[in-house]
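Q: From Swiss-Prot, here are the annotated features:
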type: SIGNAL; residues: 1-25; note: signal peptide
type: REGION; residues: 64-349; note: region '3 X tandem repeats'
type: REPEAT; residues: 64-161; note: repeat '1'
type: REPEAT; residues: 162-251; note: repeat '2'
type: REPEAT; residues: 252-349; note: repeat '3'
Amino acid sequence: MKSCKQLIVCSLAAILLLIPSVSFAADSNISVKLLNYIGNKSSISLSPTGFYKVTGDNVAVTDRFAGASRYETATLASNSQWKNPNTVILVNRDIFIDALPVIPLAKKLNAPVLFTQPDTLTKTTERQIAKFNPDNILIIGGARSISKDVENKLKSYGAVKRISGKNRYVLSENIAKQMGSYDKAIVVTGRVFQDALAIAPYAAAHGYPILLTEKDKLPDYDLPKQVIIIGSSFSVSDSVENQIKKTSTVQRIPGSTRYELTANIIKQLKLKADKVVMTNGTKYADVLIGASLASKKNSQILFVKQDSVPAAAKSITKDKATYAYDFIGSTSSISAEVENSLADEFYLADGGTYNLKINSGKLNLENIKTYGNSLRIKPENYSTSNRISLDGKQYLGTVNFSIESTKYIRPVNENIPFEDYLKGVIPNEMPASWSLEALKAQTVAARTYSITKTGTTVPDTTAFQVYGGYSWNSNTNKAVEQTKGKVLKYNGSLITAAYSSSNGGYTEASNEVWSSSVPYLIAKKDTKDPQIGWTLTLSKQQLDTKSLDLTKPSSWWSSATETDSARLSGVKNWILKNKETSADSVKIASIDDLSFSGTTQGQRAKTASMKVKYFVKSSTGSYNLSKITTISVPTSELRTMIGATVFKSTYVTVKKDTSKYTISGKGYGHGIGMSQYGAKARAEAGDSYSSILKFYYPGTTLTSY
């Protein structure tokens, strides 16, 4: 049906036949193609409220770095981010204690981290160093970690420097000395690798050193004024924390598991995590490679299990709207099932703004990924707490976007609960401020009209019913809820519940507009309709021919326009279709006569006659300036030609004077069935919604579907 905000115009496109009696479930769904408010656009702005996610095959951005060995995996990861680094850092493949503090320094030096065997320079690593051709090679750890023989071999590829220490704690302090000045430091246990590498990307991003400590004894460090302790008191004891507090302010980030720890770091430090590196939290080499990659890409690291994503990590990917994943290691580290589960959906940021556009014939979620011809975005669960805004208009439930006519994005609001669909329709078909009984009558008419379309997709336009998504109003919600399931039937079958804005004081019979005569859609006087009046003027002379050089029409054809050009485009289209089928274009020079004849059962003008003089430009570029025709059509057809928003009904008369025609009319719309303004007046007079429906649809029964 049709809605024009203050004044409502309704039309019916369906064939008026009795609808067979069918049983409809109260929880039936309906889908809506969004055209009315969205229009035809090549880009749409999306903004979710609550939890919405993109779903489908491989919708997230994913990459996996998996070699046959840790050396190859490190090589693959380094190749993805570095081309010709000035420095390469080398660590022992197994002795994790050397590598724990190195990531912040690697970030400072913009250096990849590679593995080697202790006594032999691993061939894969050697080839990678040769490829990078660095000026400097930095060895981490003493000769027991990486031998002098390896060091000597490395000298053929660049200047070699070694950072070592008599123990892991001194080594971390010596690495910290290479960081320059800093106002904050990270203190972690030196007994396990997960705590230090979990915080490493954050520390690297801010230039904070990572200092190792024993659980119950803090080495003699010169600490800055701010310290972050990573891990619970089982990793770094309360006594160590209290010792640090004597000189520094302390923030502790605990975690009951390694998986929870990486999540807590992101949450407590309020880090952006739309892109993350995922590693198996039990595998040192994968975690070190992941920490190096994350620090280079300014992303975060999350630990997962081989066959599952722990709840803490899932919570981060949801709350932080993670859409890009780098997986470290083969499927023996992180299974294909885990990768696929993350690849096949990702959450959008609550309150975030995204731009969906067409790029080279495909849908592109800007700054995220390019897809195919469709993309589905759905809420975590259907709820008014989860909403999605499309170009500023909110909708509930799932929206599927597809490319239409190769150039437009067409959203479909999928599987809306039918009664919620009505809540989005009623305030767009009748002002929500009107009397509740009028709104209830409107609701029953709208429900009856659309209930047979459950399980299908309908438009949100006046071609069916205007659906405004989550444009709910408490008053219209009440009307829907208080009439839940109520419909109109005639002899046991659903009726075609036509309605219009105003009938002008007389309802129209269905057979006067459509081919079918329906016993409950009859012509009769309506004393409650306010008989809304309107006028429309059309000038007799449409082109100022005195100012035109009629001998040279090509000089003015493209610039000359009719006085009422906006209202005559349909008339010109009729001429091109019915009279001048091979012409390029026509112009209306004058309207020489306009009249209406015949009267319908509903007191409306049956036939319209318009005599026009027009000019023709042929497809070959020749002109004819002496054409005349009389257009004789049903008045409803002329109304469509001129425009139903200005030629508001066929309940009309015409007055002629020397310069113009004045069409005077009553009502707005076809006049069949219920008058919305009439329903308003009847409700204000005290009529119940059932009485209103009984008047406009005589012989019908108000019942449940």
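Each residue, glycine too, has its Cβ placed from N, Cα and C.
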Q: How does the model score the repeat '1' (64-161) in terms of mean pLDDT?
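A: When the pLDDT values over the repeat '1' (64-161) are averaged, the result is 97.
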Q: Could you tell me how many residues in the repeat '3' (252-349) are helical, how many are strand and how many are coil under DSSP?
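A: Tallied per class, the repeat '3' (252-349) gives 42 helix, 21 strand, 35 coil.
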Q: Per DSSP, what is the helix/strand/coil residue tally across the repeat '2' (162-251)?
A: 31 helix, 20 strand, 39 coil
Q: Can you count helix, strand and coil residues in the repeat '1' (64-161) using DSSP?
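A: Final tally across the stretch: 41 helix, 20 strand, 37 coil.
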